[in-house]
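For reference, TrEMBL has these:
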{"type": "COMPBIAS", "residues": "646-657", "note": "compositional bias 'Polar residues'"}
{"type": "REGION", "residues": "631-657", "note": "region 'Disordered'"}
{"type": "TRANSMEM", "residues": "50-71", "note": "transmembrane segment"}
{"type": "TRANSMEM", "residues": "83-102", "note": "transmembrane segment"}
{"type": "TRANSMEM", "residues": "122-147", "note": "transmembrane segment"}
{"type": "TRANSMEM", "residues": "159-179", "note": "transmembrane segment"}
{"type": "TRANSMEM", "residues": "199-222", "note": "transmembrane segment"}
{"type": "TRANSMEM", "residues": "278-296", "note": "transmembrane segment"}
{"type": "TRANSMEM", "residues": "316-336", "note": "transmembrane segment"}
{"type": "TRANSMEM", "residues": "348-370", "note": "transmembrane segment"}
{"type": "TRANSMEM", "residues": "422-440", "note": "transmembrane segment"}
{"type": "TRANSMEM", "residues": "536-555", "note": "transmembrane segment"}
{"type": "TRANSMEM", "residues": "567-585", "note": "transmembrane segment"}
{"type": "TRANSMEM", "residues": "597-618", "note": "transmembrane segment"}
Amino acid sequence: MAASRPGCFGYPLSIFFIVINEFCERFSYYGMRAVLVLYFKYFLSWDDNLATAIYHTFVALCYLTPILGALVADSWLGKFKTIVYLSIVYTIGQTVLSVGSINDMLDQNKDGVPDDPKIPIALSMVGLVLIALGTGGIKPCVAAFGGDQFEDHQEKQRTRFFSIFYLSINAGSLISTIVTPILRELQCGIHTTQQCYPLAFGIPAVLMAVALLVFIAGSTMYKKVEPQGNIMIRVVKCIVFAVRNRFKHRSKQYPKREHWMDWANEKYDKQLIAQIKMVLKVLFLYIPLPMFWALFDQQGSRWTLQATTMNGDFTVNPILIIIMVPVVDAVLYPLIKKCHINFTPLRKMTVGMLLAALAFVAAALVQIQIDKTLPVFPMDGESQIKVINLGNENAAIKFTDTLPPVNVASSASVCVVNNCRLYLTICICIMNSIVFKRVFCLLRFISNMNSTVNITMSNTVFTEVTYLSVTNYTAFKRGSMYEEMYVCLFNHQNLCNCQWLLFSFLFKCNNDSLSLGYVEDIEPNTINMAWQIPQYFIITCAEVVFSVTGLSFSYSQAPANMKSVLQAGWLLTVAVGNIIVLIIAGASKLSEQWAEYVLFASLLVGVTIIFAIMAYFYTYVDPAEVEAQFNEDENKREEKVPPAYTNGTGPVLQTQM
């Protein structure tokens, strides 16, 4: 008799190690992903399109590798060893990504820029590939391994375990998506300070190492089921055989069969074929679903980049998820039921897809308002000249004989004009400067003093600022400097949260008195991030009614031994959805971001119509009832076989006349 394993409150003690492991792993994954696209843009200096493409490639890979993990676990290593080995790979990947973001290790000349930009890019890509293998490989194993810890009579405890398990996922996601952006905002570095990506990636790496150690610590308590072969392999082999057999017998001389899977009857048992038929019906409904994920996963790419052009800071999606799931289940669905509305699972999923499209319409409306406040930068080969009239009278500025004069009203911002003297502010392609993309504010000084001066500001010295000269833009980090400055500009902290800020300080002398003023070369963003709340709220509602319902529907429509096949198919729709983003974003060539949002929304509406038609013709089944009926029919067929009896000398077959 097997020795009893330690327990606590009726639960196997081993599951507590599994729950803690899952919390730490989800913290590691979602924490890293929360700042990943910002890392691409501001540290690796990639443009928005490249950052989006690499981000969605990474997410797609994370949802393709679970199939590999399931095959390895069920056919070779078993769940425990698969989780341990791939968690090691996962931890190494997080560590490599964190090391690649340490600027001081790659900047030997201490100029604030990596000596070879290819090194951090290579380290980042290696780290992300390892992370994708790790997180995807263990995804189908951990929950199933936790379910293996329970005995057959502990079905109630097993159900509660899965509730606690998914709560740990949401808790890890919520906490990490709040903490890691805060860590990123910190300034760190030895030679040059920068946004602290090493810490933002380092903490998730530490949490993944903790997850691995906690999981190994419970090794002696686990119930480890030996690999017994993967059902997905049997399903694929059966389908391939049916297709080949049908192709061989495509001639009209062979009678047609009720279903093309019936061509596998020569080799596979009828029960397996019947189960595959039920699974294929559900997988057929999965065909339109990737379009939903194409929109949903842009929260981490396009929507995050949209937030960088806005003012403020907030994290809302994980909080909304935790709130909306119980609200929808306990309030909304019962209310709809009382109204005698037949809100079937497929109808819920249809509504979820339409809500996701509506969320992108809301994002497009916000983007239109953002575009009105964004600065207009010069195109390649162009310069941008700003004229500021500090005089008391209107002025007409003529730059060349071929261009008409520029009229500048008194106190208006168009170049520096003081006592009829002209100063030009020329910003040529400043937006392409690597240093510029990594700082909060760039300041410079314009002197109208008759003598040469030295200006000291926050330990930075502008030496020999001569008469009628303009200093270069210089980066300043946030700190006590702002509280010490008497210029009212720095009383508004939000002005220094935007990457696009450029300031000019004007020194001028009137009647032997020195005065200081400032000019905003580029105005700060004025659209607050709170305007993103409606789109996040709508897409969270879409996730609740689509994702949760979709998984529940899929599991209810498939035999018990085929649920892993459906899980693999569901994860595959997420991967394909991210690939769709790469294809559409690369092929659309739309110059306006709001137009791309509208394009995605329109495509999803079209796909939703197709899905609604498919759902209308779908017939719900009870797999348990179908299998019971199948077994009953098999028993009846066996009863028709005459039993054997003995005549004293041996068994004799009874024959029917």
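Cβ atoms here come from the backbone N, Cα and C positions, even for glycine.
Against the transmembrane segment (536-555), stretch 348-370 shows more Cβ pairs under 8 Å than any other of 50-71, 199-222, 278-296, 348-370, 597-618.
Through the fold, the transmembrane segment (348-370) approaches residues 291-292, 295-296, 302-303, 306, 309-310, 525, 527, 531-532, 534-536, 538-539, 541-547, 549-550, 553, 592-595, 597-598, 600-602, 604-605, 607-608, 611-612, 615 of its own chain, all at least 6 residues removed from its boundaries and within a Cβ separation under 8 Å. Within its own chain, the transmembrane segment (122-147) is flanked in space by residues 15, 18-19, 21-22, 25, 29, 32, 39, 44, 58, 61-66, 68-70, 72-73, 79-80, 82-83, 86-87, 89-101, 158, 161-162, 165, 222, 564, 567-568, 571, which lie at least six positions past its ends and keep a Cβ under 8 Å from the stretch. Pairs of Cβ atoms less than 8 Å apart link the transmembrane segment (278-296) most often to 567-585, out of 50-71, 159-179, 567-585. Within its own chain, the transmembrane segment (50-71) is flanked in space by residues 33, 36-37, 40-41, 82, 86, 128-129, 131-133, 135-141, 230, 232-233, 297-298, 300-302, 305, 564, 567-568, 571-572, 574-576, 578-579, 581-582, 585-586, which lie at least six positions past its ends and keep a Cβ under 8 Å from the stretch.
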